Amino acid sequence: QVLSLVIPSQLQRVTHRALHRLFHTRSCLFVVLHVALQAAVFGEYTWEVFVYCWELQFHLLLLLLPYLLLAGNLGCFLLCSRANPGTVTKSNAASLAKVYAYDGVLFQRGLVCPTCTVEKPARSKHCSVCRTCVHRFDHHCVWVNNCIGARNAGVFLLYLLSLTATAGAVAAVTAAFLIQVLLLSNVMHGTYLDAQGQEHPVEIPVLVQHLFLTFPRIVFMLGFVILLTLVLGGYCSFSLYLALTNQTTNEWCKSRRFGGSPHPPSQPHDRPLVYRNIYSKGIWRNLKEIFNPPTVLERKKK
């Protein structure tokens with residue numbers, strides 16, 4: 001009985017250490033996985049879908065569109081992963097503190113990062129993975145192995161948009177190829193016999209089964225890419241919403257659970273804490289700020 005209790009506890013500790021090392025230390029594992037998935041998808045697309053579509057005389061620009069989007073995506077990926085997200089140091093902390101005002105709810109004046117020993121500017125946060133404070137901290141992205149902050153938020157948004165568009169383009173060309181195959185084979189107008197010997201017109205499940213038996217790898221890839229497009233599209237929409245409202249992921253999450261946070265000194269304890277986004281300047285100015293983050297001089301001019 002003692003042994004049966006010790007083994008699960010040891011397994012739990014090992015699992016906890018593995019997860020901590022995976023998500024709380026800088027690692028290229030997810031970058032390698034990301035590149036491997038892209039290589040697998042484009043390998044299948046190149047050697048089968050592209051060749052078949054070329055034989056079916058698809059327009060060349062349509063076939064090359066996924067590659068053009070992939071080139072843009074890889075460029076955004078390199079810029080996003082190698083860029084300085086906006087590291088807060090002792091030399092620039094004072095100037096960065098003048099860029100954004102403290103809202104008194106999520107960000108309060110006078111707080112010092114215990115790790116970096118610098119006063120935290122508004123909208124900054126210490127990243128335990130990168131072990132540094134980041135100005136206008138959004139989140140730490142394991143897929144680019146870097147923090148997303150003031151200086152690379154715009155490139156990250158372009159990276160997400162291009163990645164979603166790349167997956168969508170591959171899915172669209174692949175689906176067009178499979179539909180063309182069905183039209184040329186005239187399977188859609190056929191019939192089949194059920195277990196009772198009754199004749200029925202071909203339905204969508206039968207067509208999918210026929211395609212899977214004929215092109216199993218292409219159909220599997222199409223299903224994966226469609227799922228990826230939907231997931232990325234949802235995340236893209238959320239990121240675009242944050243950009244248009246001048247919020248970060250960190251602020252959005254904190255604003256929904258700040259009820260348990262201590263009240264700011266300027267607010268009476270008997271009043272409920274009310275959060276208001278003071279950083280939004282309108283849709284177009286918010287979007288401009290993502291790609292051109294404000295500096296101290298710009299704020300003084302305003």
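Cβ coordinates are placed from backbone N, Cα and C, and glycine is handled just like the others.
Curation plays no part in TrEMBL annotations; they are all automatic predictions.
Applying DSSP to the domain 'Palmitoyltransferase DHHC' (110-255) sorts its residues as follows: 83 helix, 20 strand, 43 coil. As annotated by TrEMBL, domain 'Palmitoyltransferase DHHC' applies to 110-255.
The transmembrane segment annotation in TrEMBL covers 27-47 (among others). Sequence-distant contacts of the transmembrane segment (27-47) (same chain, at least 6 residues past either end, Cβ-Cβ under 8 Å): 21, 66-67, 70, 81, 142-145, 170, 173-174, 217-218, 221, 224-225.
If you look up TrEMBL, you'll see 59-80 (among others) marked as transmembrane segment. Nonlocal intrachain contacts for the transmembrane segment (59-80), taken as residues 6+ away from its ends with a CB within less than 8 angstroms of a stretch CB, comprise 38, 42, 45, 50, 53, 141, 144, 146, 148, 152, 155-156, 158-159, 162-163, 165-166, 169-170, 173, 176.
Tertiary neighbourhood of the transmembrane segment (156-183): same-chain residues 41-42, 45, 49, 52-53, 56, 58, 62-63, 65-66, 69-70, 72-73, 76-77, 80, 138, 141, 144, 148, 207, 211, 214-215, 218-219, 221-222, 225-226, 228-229, 232-233, 235-236, 239-240, 243, 290, selected by CB-CB distance under 8 Å and a gap of 6+ residues from either end. Per TrEMBL, transmembrane segment is recorded for 156-183 (among others).
Annotation comment: TrEMBL describes 218-244 (among others) as transmembrane segment. Under 8 Å from some Cβ of the transmembrane segment (218-244) lie the Cβ atoms of residues 41, 44-45, 48-49, 138, 153, 156-157, 160-161, 163-164, 167-168, 170-171, 174-175, 177-178, 208, 211-212, 252, 283, 286-287, 290, all in the same chain and six or more residues away from its ends.
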